[in-house]
Amino acid sequence: MVSRVIPVDVFDLVIFGGTGDLARRKVLPGLYRRFLAGQMPEDSRIIGAARGELTDAEWRAQVAGAIAEFVPKEKQDKTAIAGFLERLTYVPIDARGTTGWERLKELMRENVVRAFYFSVAPGLFGDIAQRLSDHGIADAWSRIVVEKPFGRDLTSARALNEVLARHFTEAQIYRIDHYLGKETVQNLMAVRFANILFEPLWKAEYIDHVQITVAETVGVDGRGAYYDKSGAMRDMVQNHLMQLLCLIAMEPPWHFDPDAVRDEKLKVIRALKPVLAQDIVRGQYAAGGGEPGYAEHAENSASRTESYVALKVAISNWRWQGVPFYLRTGKRLRARASEIAVTFKQPPHAIFDDAKGWHENVLVIRLQPDEGMHLWVMIKEPGPGGMRLMQVPLDMSFADALAEVSEDVPDAYERLIMDVIRGNQTLFMRGDEVEAAWAWTDPIIEGWESRDDRPQLYDPGSSGPEDALMLMHRDGRRWREIR
Ligand code: NAD
C-alpha cells in the first residue's frame, strides 16, 4: 500500500512567532516534510513574522538548524532542504506596534490561500487579528490558526472568541488541538463509523467502562513557571482528554462534515455531569531519582497546582447511562503512553468453568508511542489440558499493517496545517465546543480553589497517587498498567 499525496492549493502561510519554540520544533519541520512529500505546490511561500530583527538569510539558517535537529536524518535531503528554504521570507513585526505590517501586506498575493498561524502567546491573538484587519491584510481567502491554550476559563475563552470574531468568521478560525491530528484518533472514527461491527455494541448495554490515559515521563522543568498557572486540568483535560472522550462517546454524525462532527462532539460535552469532589484525585510529583519535585521545578514551594489528575466522569444521555469514563493524565509517570481502553461487559452467562481465565473484551486504542488498536478477545488456551481460556489481542497495529504508508504518514501538525490550507475544519475545535468544555471544567477548578485543595504527592516513575488507584478499586475496577 502506498500513501497518496494530494497536493494542496498554492498558499502563503504567515507564521507569527516564526522564531519561537513551537515553530522550530513542529510547524517548520512539519512543513518541510510536506514539501519533501510533494504536497506543497512550487509557488507556495512561508513567511516568518516575529519580533527579532532577522534577515531572510538569518531566518533560513535558523530553520535549517531546526530541520537538522527535528527531522529524522533519513528525511534530510540536501536538495529538498535548499528548495524548501527558498520558499521562506522573514518580516520583523511587532504584534503590538506598527512595524512590519505594510511590508507584510506588500508580500501578500491575490487569489492565493492566505493562512496566518498565531504561534505566539495568546495575549497577542487579539492584537494580531486587529492589525491584520486594520492593514487590509486579511481577505476572504484568509484563515487563522490559533494555538492552545484557548483561554484559562470560560470568561477568558469567551473574550478571546469575541476578539477573533470581530475580524474573522468562525469558518476562518482554526483552533488547534494536535491530538485530533493523530492518525489513530481519526482511525477511531473510521473504526466506529465505517464498520457495522462495533457500533451496535457501543452503548451502556455492552460497555462496562472507558479509560482514557495520557501519561508523560517528563516533568515541568524549564516551563514550570508557566505550567504552575495552568495545571493538568487546564493543560490537558479541558482540551486533549475532552476531545478524545467526545470521539468515543459521540453519536454518529449524519455526514463526515466539519459541522456535523462538531455538533455531535458538542452534545457530548453538554451532557457531561458535574463531577463530584470524591470522583477527582489531584497529584503532584515528589522529588526522587536525583530529580527535584514539582514544587522546585515550578519555583513555588507552596504550589497547589496539580501535575496529575484522575477523574470519574459520567455522561447523562441514553447511550451512556451508568457507564463511567475514567480519565487520568500526569507528568513524571512510569511510562510515556496515551491510550483509550473500552472495556466491554462479560457475557451474560458463563458456560466455562475456568473462572480464573475469565476476562472482558477490551478495545485498546493506542495514540502513542506505538499507534494502533488491539482488540482483546478470549480464546481457548492451545494444547491439551482441557478447556482453559486465555485472553489474546487481535492486533491492528498500524505500524506493521501500514508499514509502507506510515513512512509518509504526516505527524499531527503536518496533517492539521494541510487541512487549514484545504479549508477543512473537521479536526479543529469550534468556538462553542471550547466554551462548553470550559463551562464544565471551571466549577471543578473553582471547587479546588475555594477548598484550598492540596494535591497528593506521588513518586516519580510511579502510576500516580494512591488515591487514584482507590478511585477505581472502590468501583471494583482497576486502571490498566501504564506502559
Ligand atoms: P516562544 O516564546 O518560544 O516563541 C514566541 C514567538 O513569538 C517568538 O517568535 C517571538 O519572537 C514572538 N513574539 C513575542 N512577542 C511578540 C510581539 N510582540 N510581536 C511579534 N512577535 C512576538 O513560544 P512557543 O513555545 O513557540 O509558543 C507559541 C504558542 O504556541 C503559545 O501560545 C504556546 O502556548 C503555544 N504552544 C506551544 C507549544 C510548544 O511546544 N512550544 C505547544 C503547544 C502550544
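For all residues, glycine too, the Cβ spot is worked out from N, Cα and C.
The substrate site in TrEMBL is built from His178, Lys182, Asp235, Lys331 plus one of Glu205, Glu216, Glu306, namely Glu216.
Proximity to ligand 1 (Cβ under 6 Å from any of its atoms) holds for these binding-site residues out of Thr19, Lys182, Asp235: Thr19.
Nearest in space to Asp21 (NADP(+) binding site), taking C-alpha to C-alpha distance over the recorded positions Lys182, Asp235, His240, is Asp235. Of the candidate recorded positions, Gly17, Thr19, Ala23, Arg51, His240, the one lying closest to Lys331 (substrate binding site) when CA atoms are compared is His240.
Across the recorded positions listed here (Arg51, His240, Lys331), the residue whose Cβ sits among the most other Cβ atoms within 10 Å is Lys331.
Around the Cβ of Thr19 (NADP(+) binding site), the same chain contributes Gly48, Ala50, Arg51, Gly52, Leu54, Trp59, Gln62, each under 8 angstroms and 6 or more positions distant in sequence.
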